[in-house]
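Student: This is the structure, below, for whatever I ask next.
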Amino acid sequence: MNAPHMHDTAADGAAIEATVADIADTGRRALTRREQKEAYENNKLFKRIVRQVGQAIGDYNMIEQGDKVMVCLSGGKDSYAMLDVLLRLRERAPIDFDIVAVNLDQKQPGFPEHVLPEYLTQIGVPFHIENQDTYSIVKRLVPEGKTTCSLCSRLRRGILYRVAGELGATKIALGHHRDDILQTLLLNMFYGGKLKGMPPKLQSDDGKNVVIRPLAYVKETDLEKFAELREFPIIPCNLCGSQPNLKRAEMKALIRDWDKRFPGRVDNMFSALANVVPSHLMDTTQFPFASLRATGQADPQGDIAFDEEPCASGDDTAATRDGARPIAARPISIVQFDDL
């Protein structure tokens, strides 16, 4: 099934740029200097997010010719932004792919079930609402006052994998962003004893699906501003009554504090995920330390590698480009941005 071209969505995206650029209607007042600056910043934000999503898709070959991408839409800012940008990119991409939005209605009390169907119908996006009462299952199995997110996530994941097969989707798109990836890295380091993050592309647990995260390069603060600018009909994420994941909240606060007090630090952390040197870590499954012998030949990964450590210069910004994507990633994209 070929999804229709989203002319209304294109107009929505163009509306940002129109607002941003100028008021063409001569009958309306001119923008003040402050309004012009705000419009300029909004335009930069929109272009930056589109560019970063396109870059992530290109770097990891997330979307290919003929794909049917199942965009998982929760009603939160991240999934709305992901759908919005993917629709924009599809119009300009040199490949053809379909998009279908999917929401899992878990029957949480107070969930506004009309919001997403109305929104998706308005913008002309094919969608499927999957009704599954996982809320009752979670409430029955998890003690009162405990965090339900882990069990809820597992149940939701299994259902979405099944739905992807039923819809013929070749890719499952999730709305995790750069900060989610870094939070997961720190959680695994601090509480799991693992150097493990959240990959931008992976094979699903059942081996039948490919999961992609198109927002992998995008900062959460940018998504917050974008959602406010686009006025998405946000659905609260606390309807289930679950206690917040305090450890993840702690990591989120830590990252935001670092980003504010030490410019470049968080960008370098993110860049490090794409610049791994197994010979300088301690995992014997990733590097053959036991069989290592002197070869008599210079080794670029030997002691000389320590001569270029950036801590001597104090430069916290050299490892990234545009403050978002790792410079090690290949500079390719599924879309040209010259005229964005």
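Backbone N, Cα and C define each Cβ position, glycine as well.
Feature annotation from Swiss-Prot assigns motif 'PP-loop motif' to 74-79. If you look up Swiss-Prot, you'll see Cys149, Cys152, Cys240 marked as [4Fe-4S] cluster binding site, on the strength of sequence analysis.
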Student: Sort the residues of the motif 'PP-loop motif' (74-79) into helix, strand and coil with DSSP and give the three counts.
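Tutor: Helix, strand, coil within the motif 'PP-loop motif' (74-79): 3 helix, 0 strand, 3 coil.
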Student: Can you tell me the three-state DSSP label for Cys152 ([4Fe-4S] cluster binding site)?
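Tutor: For Cys152 ([4Fe-4S] cluster binding site) - judged by DSSP and reduced to three states - the answer is helix.
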Student: Let me check the 10 A CB neighbour count of Cys152 ([4Fe-4S] cluster binding site). How many other CB atoms are there?
Tutor: 19
